[in-house]
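Listed in TrEMBL:
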ACT_SITE  53  active site, proton donor
DOMAIN    19-259  domain 'NADP-dependent oxidoreductase'
SITE      82  site 'Lowers pKa of active site Tyr'
């Protein structure tokens, strides 16, 4: 199992690191190998990828090369990947087997289904695809191909609907956009009350939207605590029991992002949680049509 430090106990009893390495935008064997080499050296034990990132094969190769280098077993690494929209519904098993083959693994720790995977433009068809895809993911858990299953970008309505029809296997994780400028507190409460771990992406913004790292309240908190703006944002989430998966290829940033074992005082937490909470970086999940995001195979 991954180390117990800075881990959250999922509703399955499994330990999942609060902080992991996001791999969106990491492409090319040399870049991925060097980044994972640095990450493992620094203690990262969670890798988050997606079939649509087109880097599962490279990650699988790097795992084969790097685990022995750092005297790690497969069970020491928590791997998350996600369903491709081309493998939704009846083709879920095909998608899981493809990811297992690409990642060169016998099992996947966490397999997620993004809301956009089941969007067709027809609400009844969408609901049917979500239910069928989830049923197939439950089968994969029973066949021990995946250890945990969950969702991405599910709002309150979709998550409550899934919880009512989850076939005895609740989602372990809901991965969503969550940061001081975009906070869905109702969704946060629903996840917490249902025992669904919330994991945040875009916690540091992105290359085209860096205002969080330059915000005066974030910088003031960082200055007073002797931390970086990025560390403050990461800790802000972790202190609320929200996981984070920042992506970086810079070893200095990879190192700094791990140094979040501190406490933000209550008055700073309040200040950081009073910004306009409707500034989404990504697209509104409910408005994304699958054909706008992915090429069909």
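Cβ coordinates are placed from backbone N, Cα and C, and glycine is handled just like the others.
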Pairwise CA distance, residue 53 (active site, proton donor) versus residue 82 (site 'Lowers pKa of active site Tyr'), rounded so that it is a whole Å: 10
Spatial neighbours, same chain, of residue 82 (site 'Lowers pKa of active site Tyr') - Cβ under 8 Å, 6+ residues apart: 49, 50, 51, 52, 111, 112, 113, 114, 152
Local confidence of the prediction over the domain 'NADP-dependent oxidoreductase' (19-259), expressed as mean pLDDT: 94
